[in-house]
Every structure is written in structure tokens, then in C-alpha cells.
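What Swiss-Prot says about this one:
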TOPO_DOM  1-31  topological domain 'Cytoplasmic'
REGION    1-25  region 'Disordered'
COMPBIAS  11-25  compositional bias 'Basic and acidic residues'
TRANSMEM  32-52  transmembrane segment
TRANSMEM  53-73  transmembrane segment
TOPO_DOM  74-120  topological domain 'Cytoplasmic'
TRANSMEM  121-141  transmembrane segment
TOPO_DOM  142-157  topological domain 'Extracellular'
TRANSMEM  158-178  transmembrane segment
TOPO_DOM  179-182  topological domain 'Cytoplasmic'
TRANSMEM  183-203  transmembrane segment
TOPO_DOM  204-241  topological domain 'Extracellular'
TRANSMEM  242-262  transmembrane segment
TOPO_DOM  263-280  topological domain 'Cytoplasmic'
TRANSMEM  281-301  transmembrane segment
TOPO_DOM  302-328  topological domain 'Extracellular'
TRANSMEM  329-349  transmembrane segment
TOPO_DOM  350-383  topological domain 'Cytoplasmic'
TRANSMEM  384-404  transmembrane segment
TRANSMEM  407-427  transmembrane segment
TOPO_DOM  428-445  topological domain 'Cytoplasmic'
TRANSMEM  446-466  transmembrane segment
TOPO_DOM  467-480  topological domain 'Extracellular'
Amino acid sequence: MVVQNVQDLDVLPKHSSDSFDDDGRPKRTGTVWTASAHIITAVIGSGVLSLAWAVAQIGWIGGPVAMLLFSFVTFYTSTLLCSCYRSGDSVTGKRNYTYMDAIHSNLGGIKVKVCGVVQYVNLFGTAIGYTIASAISLVAIQRTSCQQMNGPNDPCHVNGNVYMIAFGIVQIIFSQIPDFDQLWWLSIVAAVMSFAYSAIGLGLGVSKVVENKEIKGSLTGVTVGTVTLSGTVTSSQKIWRTFQSLGNIAFAYSYSMILIEIQDTVKSPPAEVNTMRKATFVSVAVTTVFYMLCGCVGYAAFGDNAPGNLLAHGGFRNPYWLLDIANLAIVIHLVGAYQVYCQPLFAFVEKEASRRFPESEFVTKEIKIQLFPGKPFNLNLFRLVWRTFFVMTTTLISMLMPFFNDVVGLLGAIGFWPLTVYFPVEMYIAQKNVPRWGTKWVCLQVLSVTCLFVSVAAAAGSVIGIVSDLKVYKPFQSEF
């Protein structure tokens, strides 16, 4: 008699229908490709722009090895996390709609609150990082126009505050989209844009290497005493920059905190866990190839002077029109990525508000507005006020602290170990009843502890960088 594991059966869960899923919610429509688009939109973001700088800090050996290791860890722990979307049976078990729901079902207790704080602080910080990155790209577009008129030697300093405000206004509008599932089209557009500017950066890097007639860089990266764009590198700076570069690479692979929310958009059959494993493999494989190419080619082109933002910090100067297209693509991508990251935070706050104030019309009432022919738009006053306040806050903080590389490194360090490694590992151990002190348990714990040390080191390097920047920075005078 052949016994087949129920996890391998692509069956439709009970109590589902043509219009609704087994949990009574509207039928989910996500596929491998839409899930991959969501992930790629989240992963290939502004982090790719700092990879050449990160590789420059640790060299031709450390750079590629670090990217490969981070990609492996991210893929492996993401497959563990995929298994936690449903509690119990992976096909018919109770759904966990958010990352925190999965923590609550599998771990419970104080870990739920700790996870919530880390996850939502990281999402909040990512919104700040994306606002800064968008302003840098818009400033770069204005700078190329200025240098076309005044010559390439004109520094053309531009205040980025107006662009941060403009980006914030756009986000206020898009943030009124009620649900994550309705963002599929924005994610696809953003994913296409991410490929576009990554490809342009890669092409410009290759052309720069050909122009130089040499491959720059060294096996161990920037050496003590080297004069870079930001000054002479001291021994302590070498250490802190090495740690910060690990944070930048970790941030480039950061998406675990929204993986469960993405999985909740996927239809079944086939089982959601199978779809997400495929989507995770496709996404991580594609992004790793892009990261290796962009980071290594950028380092080969500029060596120790690789800029913090490959397309906007003066690394390339020609052709102007292509640089403008690349930076515009970055901005369009960041509009979508901002929403992909913030929707889980929006949903959490609105769910809590509805639970605490179920009788309040301000919180719960949906006002139907017919903007265009067809389906009316649902306007919720609490959603309007809260999401607008959130965007305004992230914009204000971005104007106060526009340190792209340091912020990116700190975000990567804060989020990588707890969200990408620790909680997925602990949930998997709890759900699968992995025996304590068994071989698998020990291997998982070694992985977790190793990543903890990496995160602490990366956070320290980024904090030192922010402190150094604050010594010379004047608030609301963000010139790039």
C-alpha cells in the first residue's frame, strides 16, 4: 500500500467555492509569477545601488562570497517560513495572514510582541530609506541637466528636500489603495523598472571597465591609508566599513518580513507552500545574479572609489539621457516598493483600530466614491488620516537624516537576524517538532547564532557611520 504525504497533494481546501476561499475571504488569484514580482519588487530595490561600495570594502574575495552566503541563508530560511503560512497541515490548516500571525500560532508569548516591534520598525525604516533613495535619484536627474548647461566640472549641489516632499505626496495617494492584493499591477511595473535600472547600471559598468582597460580593485578591498571620495581610510574606518558593508548586503536581501503577506495573495491549488517555494527560488536566483553582476562590475569599474549610490553619486557622467532614464526607473520602482513594504504595517494598525473601536464609524465605515466608470472606490476616513500621517512622518525623518548608506546598513542589520533567520528557524522547529540537540536542531542553531554575530557587527558599523555624519550635518539642508 502506497501512502502519499498530504503535503504533496495539490488539493483544494475544504469549504472553498468559486468566489471564496476556505477562510471565507474573496478568492485569491496570485501565482508563482505574481508572487515572484512582489518579491523582486521588494528585494531588487535601492539596496542594489550600494553593492559596488559594499564589495569595495571587502574586496574580490569577501564581496562575492558574502553575497552568495546571504542569498543561500535568505533562500533557506524563506523556505522554512513558507511552511508556517498554515498552522498544522500545510494544505488545509488554519491560515496565518501576517508574519505576526505566524509567530503567534507557532511560538506565542513575548516573542509575538518582540517580532511585531522589530518587523514594523524595520518596515518603517525601509520607508525612510526608500524616500531618501528616491530623492537622491531625482536630484541626480536635475544635476545632469545642470551639468549639461554649466559643464561637467560644476558640482551643481541640489537640495533634496523638495523631492522628498514630492515623493511623499505621491505615496499619500498610492497609500489609499486598501489591500495588498490590489497592488499586483504596481508590483509588476516596479519589478520591470528594477530590472531596467539594474541593467543600465550593469551596462555602464561594463563600458567603464572597457574604457579603463583594466579591472580595478583588490582581493581584500579598501586598504588603510587609501584616499577615497570621503577621505583617507583609517584602520578603525576599515573595520567599521567592513561591518557596514555586510549590513548593506543583508538589506539587499531583505524581504522575509513581508513573505507571509505575499503568500496570502497566492491561490490554491496548488498548495500555497509549493507556489511560494518556487517563487522564492526564482526570485532569489534572479536577484543574486543581478547583485553579483552589479556589485562586481561596479567595483571593477571604480575600485576603491566605488560610490555609495552607483547611479546617482557621480560614478557615471555619460550618457546623460541614459542616466536620467535609469534614475527615473529607480524612482518608479521605489514608489511601488514603498507600498509593498508599508501595506503590512498599514493593515496591522487598521486591524487593531477596528478591534479596539468596532462601533466607531470613523474607523470602520467605508464610503463608496464613484471616481471612474465601474467599481466604486472605498474611502475610509481612518485609513485616509492614518496613512497620510505615516507618509508625512517618514518624509520628515528622511529630511532630518538623509544618510543613504548608513541607513541602509542599519536597516539590514536590524532586520536580518531576527526576521530572516531567528523567527523562521524557531517557528520551523516548533511546527515540525525538531528534537532538541538533534543534528538538525544543532545545525539550525549554529546558523542562527552565526547570523546574530554578523547582524551585531553590521549594526555597530552603521551606527558609527551615522554618528560621524551627524557631526557635520545640518537638519533640513540635505544637499546631494
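Glycine is treated like the rest: Cβ placed from N, Cα and C.
Looking only at the topological domain 'Cytoplasmic' (350-383), the predicted model's pLDDT averages out at 77.
Stretch with the most C-beta contacts under 8 angstroms to the transmembrane segment (158-178), considering only 329-349, 384-404, 407-427: 384-404.
DSSP labels the residues of the topological domain 'Cytoplasmic' (263-280) in these numbers: 10 helix, 1 strand, 7 coil.
For the transmembrane segment (281-301), same-chain residues at least 6 beyond its ends with a Cβ under 8 Å from one of its own Cβ atoms are 32, 36, 39-40, 43-44, 48, 51-56, 60, 63-64, 67-68, 71, 74-75, 78, 195, 198, 201-202, 204-206, 208-209, 212, 215-217, 252-253, 310, 315. In terms of DSSP helix, strand and coil, the topological domain 'Cytoplasmic' (74-120) has 28 helix, 4 strand, 15 coil. Here the topological domain 'Cytoplasmic' (350-383) is broken down by DSSP into helix, strand and coil counts: 14 helix, 6 strand, 14 coil. Sequence-remote contacts of a segment are chain residues at least 6 beyond its ends whose Cβ falls under 8 Å from one of its Cβ atoms, and for the transmembrane segment (329-349) they are 38, 41-42, 44-46, 49, 98-100, 116, 119-120, 123-124, 126-127, 130-131, 133-134, 137-138, 167, 170-171, 174-175, 177, 179-180, 183, 186-187, 189-191, 193-194, 196-197, 200, 257-258, 261, 311-312, 383, 386-387, 390. Mapped onto DSSP classes, the topological domain 'Cytoplasmic' (428-445) shows 12 helix, 0 strand, 6 coil. When Cβ-Cβ distances under 8 Å to the transmembrane segment (32-52) are tallied for each of 121-141, 183-203, 407-427, 446-466, the top count falls to 183-203. Counting residue by residue with DSSP, the topological domain 'Extracellular' (204-241) contains 16 helix, 4 strand, 18 coil.
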